[in-house]
Amino acid sequence: MNPFPRAEISSSALQTNLAALRQQAPASRVMAVVKANGYGHGLLNVANCLVSADGFGLARLDEALELRAGGVTARLLLLEGFFRATDLPLLVGHDIDTVVHHSSQLEMLEQTVLSKPVTVWLKVDSGMHRLGFTPEQFSTVYDRLMACPNVAKPIHLMTHFACADEPDNTYTSVQMAAFNSLTAGLPGFRTLANSAGALYWPQSQGDWIRPGIALYGVSPVTGDCGANHGLVPAMELVSQLIAVRDHKANQPVGYGCFWTAKQDTRLGVVAIGYGDGYPRNAPEGTPVWVNGRRVPIVGRVSMDMLTVDLGQDAQDKVGDSALLWGKALPVEEVAEHIGTIAYELVTKLTPRVAVCLA
């Protein structure tokens, strides 16, 4: 087998995670968020595995067009909306919904001639202060959208949480109250809950939930693990040992000689590095799974390789598999060692890593 790293994507895990989220929010439809190349899992791979999802959320128009070209017929929603008036005929032609979060988008809708109206999800800034119309702007914007012939009726309504991944932070309740007060009595769907909302804030689930990271088997909450919610890691990042060598006490290893062995040991060199998207700043002690056990990274991660301490009596050999993250070694745990979040790890793999659907 070729020794280079690959991301093995489990279709059964994706389907298990969708089912688990439906169980968490039985009254809600599921807008499966597949932006950023399906969180690094492969856009079409994920969409084809999740054909039973009620819709798909994307960040960019080209992602939506790729899904349509790939035969996906489900509802598609551009979570950041459109950015040019010339995008609007594409939304119409390919039956793509759009978020409207800024006055520039509203003006383009009012000024463009379209063959039929576009389905709009009006985004309310309930407290994240990134995208969306403020409560003070909402009524005027809503009325303008209602008056616009290019906007399908009813208008759907949405917001996004700033702190839902902090289960003890009451700011999510503040945001829910603001959104619900502002939109009370209006027709159309409502969507508030991201992965953390769906898992930790059931009162936010509404008509649609928008899970992203949880679909891939990962918890959105630091210190938590997807398995605690019946989720299964959909990605296994695997490579191989390309060298096993005896290493003497007091000898350094790797660039800068930052790690020195305290005793005689055996080192393994794994064929993956920052050129593949594995973080260069992974510190000494970050775990890798080799032959049924965790072994620590030692020395600096280089472009194509990293080194692990297999232990003095190790029997590992060249060609043995090395798991960087997956079911046996949760990506949440690896992210915590590195000082980042699992989202960043799974989405930053480079094109050198083959993504294979299993």
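Backbone N, Cα and C atoms are what each Cβ position is placed from, and that goes for glycine too.
Sequence annotations record features per position, and here Swiss-Prot assigns active site, proton acceptor to Lys35, Tyr255 based on sequence analysis. Residues or ranges marked as N6-(pyridoxal phosphate)lysine in Swiss-Prot (evidence: sequence analysis): Lys35. Under the heading substrate binding site, Swiss-Prot lists Arg130, Met303.
Positions of the features from Swiss-Prot, shown on the structure.
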residue	record	Cβ neighbours (10 Å)
Lys35	active site, proton acceptor	19
Arg130	substrate binding site	10
Tyr255	active site, proton acceptor	12
Met303	substrate binding site	12
Which whole-number value in Å describes the distance between the Cα atoms of Arg130 (substrate binding site) and Lys35 (active site, proton acceptor)?
18
How far is it from Met303 (substrate binding site) to Tyr255 (active site, proton acceptor), counting Cα to Cα, in Å?
11
If one measures from the C-alpha of Tyr255 (active site, proton acceptor) to the C-alpha of Lys35 (active site, proton acceptor), what distance in angstrom results, rounded to a whole number?
36
